[in-house]
Amino acid sequence: MAIKEKKVQNYGENPIEVRDSDHYQNEYIEGFVEKWDELINWQARSTSEGEFFIKTLKEHGADRVLDAATGTGFHSIRLIEAGFNVASVDGSVEMLVKAFENATRKDQILSTVHADWRWLTRDVQERFDAVICLGNSFTHLFSEEDRRKALAEFYSVLKHDGILILDQRNYDLILDEGFKSKHTYYYCGENVKAEPEYVDDGLARFRYQFPDESVYHLNMFPLRKDYVRRLLHEVGFQDVTTYGDFQETYHQDDPDFYIHVAKKD
Ligand code: SAM
């Protein structure tokens, strides 16, 4: 009988030196992903997001949607339930397996594609009305070249009037206010505690603590909002609107997240 070895997160001797776009493959290990899904109640997540993505997609007449960062399937499944026709992409096989299982439990069959964003058109030839890249996923790319490559691939799988919806954590706040005023983010009440453990211009290392005291990390690139908006324009998107925490009036308060809606045409 084959014994399955349990994966552990491995950042080597100097975790803050791990700044590599391929490292996401080793970060979303089973224990972390399962705990996250178990504690972050999908119903609560749907409620907090509201109808923002569904409404935006409908306003743009989207039907065929590519979920570029499927993860455990939250958005893919929600969009299928809302009547969209979804292709679910992720660069991690483990994540796609988990998403497929989650969908099966809800009587849905996911149409999954294993692909890295940077070489998306190698595996995806079809054109879509919309591409979504949500849940602070774009932050996993560590070089500007990789970011440009991924955005250019998203651009090219869109139909001429397609839209890209991409979200990001508000890193400006963390970078500008500095490490001393670091913010703790609580998900699902007090259940999951996330805080930046180390921050510089090229790395935001977050520590995630669960109620059973287990601790996981993610190394991410701290994307500035205006930098992402500039990149989107530079790869060819014509019109970029940025929302804060699902509202357009973000300049009044500091939101935790930004959502960019970029039009190809
Ligand atoms: N969108 C989901 C959500 O909100 O629950 C999952 C978000 S999770 C933070 C990020 C996902 O992006 C992971 O499933 C990871 O495997 C995927 N990912 C990161 N870098 C990638 C890349 N270069 N190509 C494809 N997938 C990537």
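Glycine is treated like the rest: Cβ placed from N, Cα and C.
Worth saying up front: this structure is predicted, and the values here are computed from it rather than measured.
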With Trp36, Arg45, Ala69, Asp90, Asp116, Trp117, Leu134 listed by TrEMBL as S-adenosyl-L-methionine-binding, which of these, Tyr11, Tyr28, is given for the same site? Tyr28
Binding-site residues (Tyr28, Trp36, Trp117), the one with most neighbouring Cβ atoms at 10 Å: Trp117
Which binding-site residues of Tyr28, Arg45, Ala69, Asp90, Asp116 contact ligand 1 in the sense of C-beta under 6 Å? Tyr28, Ala69, Asp90, Asp116
Among Asp90, Asp116, the most crowded of the binding-site residues [Cβ within 10 Å]: Asp90
